[in-house]
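*Asks:* According to Swiss-Prot, the feature N-acetylthreonine maps to Thr2. Feature annotation from Swiss-Prot assigns transmembrane segment to 29-46, 118-133, 142-156, 197-218, 274-288. Annotated chlorophyll a ChlzD1 binding site per Swiss-Prot: His118, in sequence order. Among the features that Swiss-Prot reports, pheophytin a binding site is placed at Tyr126. Per Swiss-Prot, the feature site 'Tyrosine radical intermediate' maps to Tyr161. Per Swiss-Prot, [CaMn4O5] cluster binding site is recorded for Asp170, Glu189, His332, Glu333, Asp342, Ala344, and the stated evidence type is sequence analysis. The site 'Stabilizes free radical intermediate' annotation in Swiss-Prot covers His190. Residues or ranges marked as chlorophyll a PD1 binding site in Swiss-Prot (evidence: sequence analysis): His198. Annotation comment: Swiss-Prot describes His215, His272 as Fe cation binding site, evidence class sequence analysis. Taken from Swiss-Prot, the feature quinone binding site covers His215, Ser264, Phe265, and the record attributes it to sequence analysis.
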Amino acid sequence: MTAILERRETESLWGRFCNWITSTENRLYIGWFGVLMIPTLLTATSVFIIAFIAAPPVDIDGIREPVSGSLLYGNNIISGAIIPTSAAIGLHFYPIWEAASVDEWLYNGGPYELIVLHFLLGVACYMGREWELSFRLGMRPWIAVAYSAPVAAATAVFLIYPIGQGSFSDGMPLGISGTFNFMIVFQAEHNILMHPFHMLGVAGVFGGSLFSAMHGSLVTSSLIRETTENESANEGYRFGQEEETYNIVAAHGYFGRLIFQYASFNNSRSLHFFLAAWPVVGIWFTALGISTMAFNLNGFNFNQSVVDSQGRVINTWADIINRANLGMEVMHERNAHNFPLDLAAVEAPSTNG
């Protein structure tokens with residue numbers, strides 16, 4: 001009798017690490033994108049929490065007038081924010097080691113740049129991780145495509161807009177009131193409400209909410225009865241069951257009679273594609289709008305576009321919005337400018353006769 005002994009090569013440490021990283025059996029999938037996502041998002045989150053609680057005031061306008069944003073310096077949850085990096089830094093890469101001291105780094109708003117850049121890397125990797133997990137499971141890639149809309153929006157306000165305006169100080173502050181301030185100033189300087197891409201974004205968000213509510217209520221109203229009156233209707237569903245849990249024909253018939261026949265989907269797949277695509281495309285357009293307005297390709301200007309036969313201006317809603325824009329513009333960064341940009345751009349009249 002002859003025994004044949006086969007020497008099995010033990011898998012290398014690197015091979016086991018690769019298998020663990022890409023395993024779909026882990027409770028939470030890591031993936032190669034996760035290797036970068038986890039440290040960047042942890043860094044952004046940690047610095048955000050510390051800075052929101054304890055960061056000293058930041059000289060956002062670069063004029064030696066620091067603005068307080070943290071809780072320990074007098075703010076609450078509503079008014080608090082991570083103040084954007086100083087206009088004195090502009091678009092320069094400003095890590096801690098570029099400052100003369102940590103105090104200088106904090107005074108110039110270094111935490112904002114650190115948080116934003118790590119956050120954008122992290123959410124981009126999260127999107128890649130969605131694609132990676134879909135690929136491993138043999139799924140189609142549209143989850144990552146849908147997530148690209150909020151990623152594009154965040155990239156627009158935190159990176160593209162500061163690049164276009166020439167300074168991270170023009171980025172969106174990381175806080176509730178700071179976000180509202182960003183929106184108001186954006187309207188004042190770019191007339192975003194009159195930009196078609198913003199209008200498409202509004203239609204996408206509000207339309208998506210409407211369609212989500214319509215779909216959820218139609219499905220909930222046409223569930224196939226599996227329970228008694230004394231049980232929750234939710235008990236009639238078992239995870240993984242093969243049968244439909246609602247009657248799409250009944251839902252189609254109801255909605256087709258409520259509006260008209262062709263307003264109602266008769267294909268569940270095309271319906272769900274529509275529910276995903278509508279808000280995603282709208283938010284894509286808004287991100288594109290922010291990115292074009294970053295370089296001052298602004299919303300429509302219909303100011304004083306209606307005049308009577310004598311040449312006198314008949315005010316329209318556009319003129320009311322323009323007046324509001326001017327009011328908002330003269331109030332923001334009030335000590336940084338003598339005049340708002342669009343008023344200072346007009347040639348001054350001669351004073352020497």
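Each Cβ is built from the backbone N, Cα and C atoms, and glycine gets one as well.
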*Asks:* Cα of His332 ([CaMn4O5] cluster binding site) to Cα of His190 (site 'Stabilizes free radical intermediate'): how many Å, rounded?
*Replies:* 14
*Asks:* Out of these binding-site residues, Asp170, Glu189, Glu333, which one has the fewest other C-beta atoms within 10 Å of its own C-beta?
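*Replies:* Counting other Cβ atoms within 10 Å of each of the binding-site residues Asp170, Glu189, Glu333 gives the minimum at Glu333.
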*Asks:* Tally every other Cβ atom lying within 10 Å of the Cβ atom of His215 (Fe cation binding site).
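*Replies:* If we count other Cβ atoms within 10 Å of His215 (Fe cation binding site), we arrive at 17.
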*Asks:* Between Glu189 ([CaMn4O5] cluster binding site) and His272 (Fe cation binding site), what is the CA-CA distance rounded to a whole number of Å?
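*Replies:* Approximately 38 Å lies between the Cα of Glu189 ([CaMn4O5] cluster binding site) and that of His272 (Fe cation binding site).
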*Asks:* Under a three-state reading of DSSP, tell me whether Glu189 ([CaMn4O5] cluster binding site) is helix, strand or coil.
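*Replies:* Glu189 ([CaMn4O5] cluster binding site) sits in a helix per DSSP.
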*Asks:* Any idea what the Cα distance is from His190 (site 'Stabilizes free radical intermediate') over to His198 (chlorophyll a PD1 binding site), rounded to a whole Å?
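*Replies:* Pair distance, Cα basis, whole Å: 11 Å.
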*Asks:* Please give the sequence-distant neighbours of the transmembrane segment (274-288): residues at least 6 beyond its ends with Cβ less than 8 Å from one of its Cβ atoms.
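*Replies:* Sequence-remote neighbours of the transmembrane segment (274-288) are 142, 145-146, 148-150, 152-153, 155-156, 197-198, 200-205, 207-208, 211-212, 215, 265.
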*Asks:* List the binding-site residues among His118, Asp170, His215, Glu333 whose C-alpha is within 10 Å of the C-alpha of Tyr161 (site 'Tyrosine radical intermediate'), in sequence order, or say none.
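*Replies:* Candidates kept after distance check: Asp170.
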*Asks:* Can you tell which of Tyr126, Tyr161, Phe265 has the most other C-beta atoms within 10 Å, given these are the recorded positions?
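*Replies:* Of Tyr126, Tyr161, Phe265, the one with the most crowded Cβ is Tyr161.
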